[in-house]
Amino acid sequence: MLSPTEFLEVVRLAPLVAIDLIVADADGRVLVGQRRNRPARGTWFVPGGRIRKDERLDAAFTRIVQTELGIASMQRSSARFVGVYEHLYPDNFAAENGIGTHYVVLAYAFMLDSTVPVGRFDQHSQYAWLWPEELLLRDDVHKNTKEYFR
C-alpha cells in the first residue's frame, strides 16, 4: 500500500483507473451519493472506486460494489459495460495546490431493487435515487456523472 505522499506523486504523474457503478432501480431511477472526499467533494456522484495495482477487473468490480454499496459477491458479468470515460479534476485527495486528478473510468450499469439498503457512509454523506432527467438539471450533480446520461 502506498503512503499518502507516494500516492500523491502517482496522482501528479499518471492517470488513475477506476470503475463507476451506474445503479438503476426498476423504475429507472439512478443511485447517487454526495461525496465526502476530494476530488469532487460535496457533489452528487455515482458510486465507484479505483482499481488497485495487480487487481484483476473482476476482483476490482466485486470489491468496489462491496465497498461502495455493501453488497457482497456481485460479479462483473452481471453488469453491462457502458464505456470508457475520462474524468479530469483540478484538485486531488490531499488538497495539494497545483495537482489535478486524472481518471480513466470504466463504467458499468446494473439494476438493483431500491428497497434494498445500500451505501457506505465513509465515502458519501448521503444517498438518493434520482431520475436521469432530474440529475441532469441539478447543479449539485457532478458533470462527470451527468455524462453517463447524455
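Keep in mind that glycine also has a Cβ here, set from the backbone N, Cα and C atoms.
As annotated by TrEMBL, Mg(2+) binding site applies to G48, E68, Q123. What TrEMBL lists as domain 'Nudix hydrolase' is 12-150. According to TrEMBL, the feature motif 'Nudix box' maps to 49-70. The site 'Critical for catalysis' annotation in TrEMBL covers H124.
Sequence features annotated in TrEMBL and their locations in the structure.
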residue : record                        : Cβ neighbours (10 Å)
G48     : Mg(2+) binding site           : 24
E68     : Mg(2+) binding site           : 24
Q123    : Mg(2+) binding site           : 17
H124    : site 'Critical for catalysis' : 20
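Distance noted between the C-alpha atoms of H124 (site 'Critical for catalysis') and G48 (Mg(2+) binding site) is 11 Å. In the three-state DSSP classification, G48 (Mg(2+) binding site) falls within a strand. Taken residue by residue with DSSP, Q123 (Mg(2+) binding site) is part of neither helix nor strand, so it is coil. For the domain 'Nudix hydrolase' (12-150), DSSP puts the residue distribution at 31 helix, 49 strand, 59 coil.
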